[in-house]
Each structure stands twice: as C-alpha cells, then as structure tokens.
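**Q** So TrEMBL lists these for the protein:
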- 1-18: compositional bias 'Polar residues' (COMPBIAS)
- 48-219: domain 'MENTAL' (DOMAIN)
- 1-21: region 'Disordered' (REGION)
- 55-76: transmembrane segment (TRANSMEM)
- 96-116: transmembrane segment (TRANSMEM)
- 123-145: transmembrane segment (TRANSMEM)
- 151-171: transmembrane segment (TRANSMEM)
Amino acid sequence: MNRVTGDTENAHSSSVESCPSLRDVHSINPAQLIARIESYEGREKKGISDVRRTFCLFVTFDLLFITLLWIIELNVKGGIETTLEKEVLQYDYSSSYFDIFLLAVFRFKVLILAYAMCRLRHWWAIAFTTAVTSAFLLAKVIISQLFSQGAFGYVLPIISFILAWIETWFLDFKVLPQEAEEENRFLIAQDASERAALLHPGVLSDGQFYSPPESVAGS
C-alpha cells in the first residue's frame with residue numbers, strides 16, 4: 001500500500017514538473033507562427049535575400065566604377081580611340097590600365113555566377129577573387145611604371161584593391177551570417193508551429209458530436 005502511494009506521489013510530482021513546459025508550449029500563438037513561416041517562405045520564393053541582392057549590387061557598382069575611372073583615364077591621355085588602341089591592341093603590362101579593367105570584369109563574372117546564379121553559401125569564391133586581385137595588383141604596382149603616369153597610377157590600383165576587400169568583408173560578415181540566422185529562425189518557427197498544431201487541435205464541428213441511439217426499454 002505504501003508503495004502504491006509512493007508511486008502515485010511520484011507520478012503527481014512528475015506531472016507537476018512537466019506543467020511549465022506544457023504551459024510554455026501552449027503559450028505559443030499559432031497565428032503568429034504561421035505568419036512568420038509564410039514570410040520566410042515568401043523570401044525563399046523570391047530566390048535571393050535582400051542582403052545578398054545588396055551584395056550583388058555592390059559587385060556591379062565595382063565593375064561600373066572601375067570602368068568609369070578607366071574611361072576617364074583614356075580621355076585624359078588624349079582621346080578614347082587613340083589611347084584605347086594603345087592600351088588594348090598594343091598592350092604593355094608596365095603602362096596599361098586595361099588589365100585592371102579586366103580584373104574588375106573577372107571579379108564581376110565570378111561573384112555574380114557564384115552568389116547570384118548558383119546562390120553559393122560559402123566564402124571560397126570571394127576568397128579566390130580577392131586573392132587573385134590582391135596578388136595581381138601588388139605585382140603590378142611593384143613591377144610596372146604606373147606611379148610615373150600621374151594620379152591614375154595611384155587611383156585605379158588602390159580603388160580596385162579596396163573594393164575587392166570591401167566585397168570580402170560584406171559577404172563574410174553580413175551576407176552569410178544573416179542568411180544562416182534567418183534559416184535557423186525559420187527552422188525553429190516551423191518546429192514550434194508543428195508542436196503547436198499537435199497541442200492545439202482544430203475546433204470540432206457540430207457533425208462530429210452525436211448521441212448514441214436510444215435503447216429499447218427493458219433491454
């Protein structure tokens with residue numbers, strides 16, 4: 001008898017201990033969870049997050065800005081057609097800025113392909129483009145004669161170097177962590193909504209309530 005009484009008390013205490021967890025689950029608002037999940041699903045349907053779209057816009061800005069500076073450099077040197085023929089057709093590593101423009105095109109193609117079309121969630125592509133850009137610009141500054149050609153000998157390599165590293169910082173510290181955090185929140189909200197659906201069943205309709213048929217008197 002004492003053992004039965006002890007088992008009953010243990011069962012009662014365990015049920016009491018489980019009450020806070022059940023209370024916490026019941027406090028979940030299913031409507032809010034469903035709205036949050038729908039918002040996350042809407043973002044997934046867009047195909048690309050807002051922060052990743054901003055990154056792609058900055059990569060495009062990188063290409064356009066370097067192109068603009070290169071066109072200005074061509075005009076300063078005595079006309080676009082003459083200087084373009086000299087820098088492209090008669091390319092000279094020590095004096096031409098055409099390779100810096102091609103470097104910006106290289107970054108744009110690789111990064112847009114990796115992070116916009118393929119939607120890559122890793123840093124290896126940006127690490128590759130930044131490493132190539134940094135190594136090429138350092139070698140060009142050391143070996144070439146850009147500093148003897150005026151202000152553009154400083155501006156184009158420095159701007160290209162800075163933009164490449166800003167892209168790396170933005171992807172590594174903004175895009176990838178924010179997308180990972182949003183994905184974790186989506187999984188947590190989805191899991192909570194499934195538990196809430198189990199603990200908050202739908203309201204029974206009138207057709208689900210019925211009375212048993214009357215029994216024959218005396219049976």
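Backbone N, Cα and C define each Cβ position, glycine as well.
Caution: TrEMBL annotation is automatic and unverified by curators.
The model shown is predicted, which means the values in this text are computed figures rather than measured ones.
Describe the structural surroundings of these features, if you would.
**A** Sequence-remote contacts of a segment are chain residues at least 6 beyond its ends whose Cβ falls under 8 Å from one of its Cβ atoms, and for the transmembrane segment (55-76) they are 48, 83-84, 87, 97-98, 100-101, 103-105, 107-108, 111-112, 115-116, 150, 152, 155-156, 159-160, 163-164, 166-167, 170-171, 174-175.
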**Q** Looking only at residues six or more beyond either end of the transmembrane segment (96-116), which have a C-beta under 8 A from one in the stretch?
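**A** 48, 52, 55-56, 59-60, 62-63, 66-67, 70, 73, 86-88, 125-126, 128-129, 132-133, 136-137, 140, 146, 152, 156-157, 160, 164, 167, 171, 175.
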**Q** When the pLDDT values for the domain 'MENTAL' (48-219) are averaged, what is the result?
**A** 85
